Structure formats: structure tokens, C-alpha cells
Ligand SMILES: Nc1ccn([C@@H]2O[C@H](COP(=O)(O)OP(=O)(O)OP(=O)(O)O)[C@@H](O)[C@H]2O)c(=O)n1
Ligand SMILES: C[C@](O)(CO)[C@H](O)COP(=O)(O)O
């Protein structure tokens with residue numbers, strides 16, 4: 001069995017965070033930077049061969065000054081990201097070691113991921129070729145007519161909020177990025193590109209605790225969630241899985257035969 005490469009996109013501009021003094025991935029969360037907390041579950045996962053952290057070119061000097069020793073100790077491959085999140089991932093794909101046949105991509109802005117959730121989505125990605133953490137939409141969804149007034153209520157049945165990690169067979173992910181329309185609308189996650197070349201992705205039960213730091217208030221929420229998680233077994237996700245009372249449908253999917261060639 002091949003090894004796992006982890007890509008940690010950390011090269012965003014943090015425009016929605018609203019703190020000109022620092023990017024959200026470098027904000028401190030209970031004494032440690034957000035990006036380092038996002039990394040934690042992968043540091044103890046037995047299949048990880050290489051972790052690739054993609055930072056913004058403008059952050060390079062600060063990053064080296066503040067984190068060079070830690071990055072060296074953790075044997076991180078630190079590269080510079082691109083304009084859009086997908087450009088960042090595309091650059092990281094070129095750094096994946098030959099030993100890796102599976103790739104996990106996890107937002108550096110998601111610091112509350114547990115080891116249990118990371119292991120679950122990695123296992124599903126290994127088994128089915130493409131998997132992501134996701135939670136079902138629980139609120140009613142409205143569409144805005146551009147003037148702050150509703151135009152419709154969007155049926156929420158079957159709708160999920162995608163999270164990360166997203167885990168893919170390396171060949172599928174590379175084929176998806178090779179077919180990416182660089183000039184077209186930016187893909188906001190990686191599963192979208194893998195779906196576009198004909199692979200359906202397994203929806204693995206995520207957690208409402210696996211939040212993405214986007215605005216300032218998310219940092220306070222993340223601190224509270226980490227407190228809850230550290231108060232219980234950090235290895236288990238304390239939030240009830242959306243499918244707690246029944247196994248997720250993907251558990252019954254046929255296993256992928258790694259020798260079968262799929263798609264393009
Ligand atoms: N060109 C980019 C854009 C985003 N990201 C990363 O992708 C994750 C999710 O992106 P998002 O939450 O949108 O981060 P930002 O782009 O920084 O946020 P904003 O849209 O508010 O600027 C983050 O870890 C971010 O650092 C990246 O590596 N490269
Ligand atoms: C990848 C992601 O976290 C899945 O929900 C999300 O699409 C990132 O979007 P962003 O606008 O780059 O934060």
C-alpha cells in the first residue's frame with residue numbers, strides 16, 4: 001500500500017478575517033498558531049509520508065523567522081501558494097513524493113479537526129478513491145435576489161456543507177487538476193474538480209466542530225470548541241455525528257479494486 005501526502009493550503013489573504021495585522025492561519029489559538037493546530041492530526045497518522053504547507057509569498061519572511069525551526073523539526077515541505085486556493089493545491093501537487101498514492105488536502109484554517117475524523121476520511125479515501133468530510137444542511141436556505149430580499153427557499157434535502165480533509169487517489173487528483181479550467185470560475189474545493197472528471201466522492205460524516213476560521217468571531221468559537229474537545233477524549237469527536245443512529249451509506253459501497261482503472 002502506498003503512502004499518504006498531506007497538503008495544507010495556508011496561502012490565503014484572510015480578507016474576511018478583518019485583522020490587517022495578521023492572517024487568520026497565524027492567529028493564536030490557546031497558545032498555538034491556527035495552522036499548527038490544523039496540522040496536529042496528521043503528525044500522528046501512521047500513513048503520512050510528507051506534509052506540504054503552502055504559504056503566501058508575502059508571508060515567507062515572517063514564516064521563516066517564526067517557524068523555520070519547527071518546520072524543519074516536523075520535516076515540513078514549505079512552498080509558496082498561488083492566487084486562488086486551487087492554484088495553491090496545483091503547486092503542491094508537484095511536490096508529492098513518488099511513494100505517495102493518496103493525497104489529503106486540509107485547510108490550514110480548520111484547527112479543530114480531530115484525529116478520529118482525519119482517520120475516518122483518510123480510510124474512506126483509501127477505500128473508495130475520493131472522500132470528504134461533510135455535514136448535512138440543518139438550516140433552511142434562502143437565495144438572495146442581490147438586494148437583501150429573498151427570491152426563493154432552496155430545498156435542503158440532500159445538501160451538505162463540505163469540509164476538509166478531502167482525500168483522493170493521487171492519479172484521480174492529478175487528472176482532475178490537469179483538466180482544471182484555469183481561466184474559468186475558481187473551484188472552491190478539490191472534490192468539485194474530481195467530480196468534474198466523473199468520480200463521485202464519498203460523504204464521510206464530519207462535525208459541526210470542524211469549523212473553518214473565516215471571520216474574527218470564528219476564532220473565539222474555535223477556542224471554545226477546543227476547550228470542549230480537550231475536556232473530553234481529544235481522540236473522539238464530541239459532536240454527535242449526523243448519522244449517529246445509522247451507518248453512513250458509503251459504508252456499504254463496494255470496495256475499489258486498486259488494479260481497476262477508472263475514468264480518464
Ligand atoms: N490562494 C489561496 C487561498 C486560500 N488558501 C487557503 O485555503 C483555505 C481556505 O481558504 P479561505 O478560508 O478562503 O482563506 P482566505 O482565502 O485567506 O480567506 P478570504 O477569502 O477571507 O481571503 C485557507 O487555509 C487558506 O489559507 C490558499 O492556500 N491559497
Ligand atoms: C475547501 C472548503 O473549506 C470546503 O468547504 C471551502 O470551499 C473553502 O472555501 P474558501 O472560500 O476558500 O474558504
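Here the Cβ of each residue, glycine as well, is placed from N, Cα and C on the backbone.
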TrEMBL record, region 'Disordered', of the ranges 197-230, 231-264 the matching one is 231-264
Which one of these recorded sites, 16, 212, has the sparsest Cβ neighbourhood, judged by other Cβ atoms within 10 angstroms? 16
Most Cβ neighbours within 10 Å: which of the recorded sites 24, 156 is it? 24
Using Cα-Cα distances with a 10 Å cut-off, which of the recorded sites 24, 156, 212 are near residue 16 (site 'Transition state stabilizer')? 24
What recorded sites among 16, 24, 156, 212 have a C-beta sitting less than 6 Å from any atom of ligand 2? 212
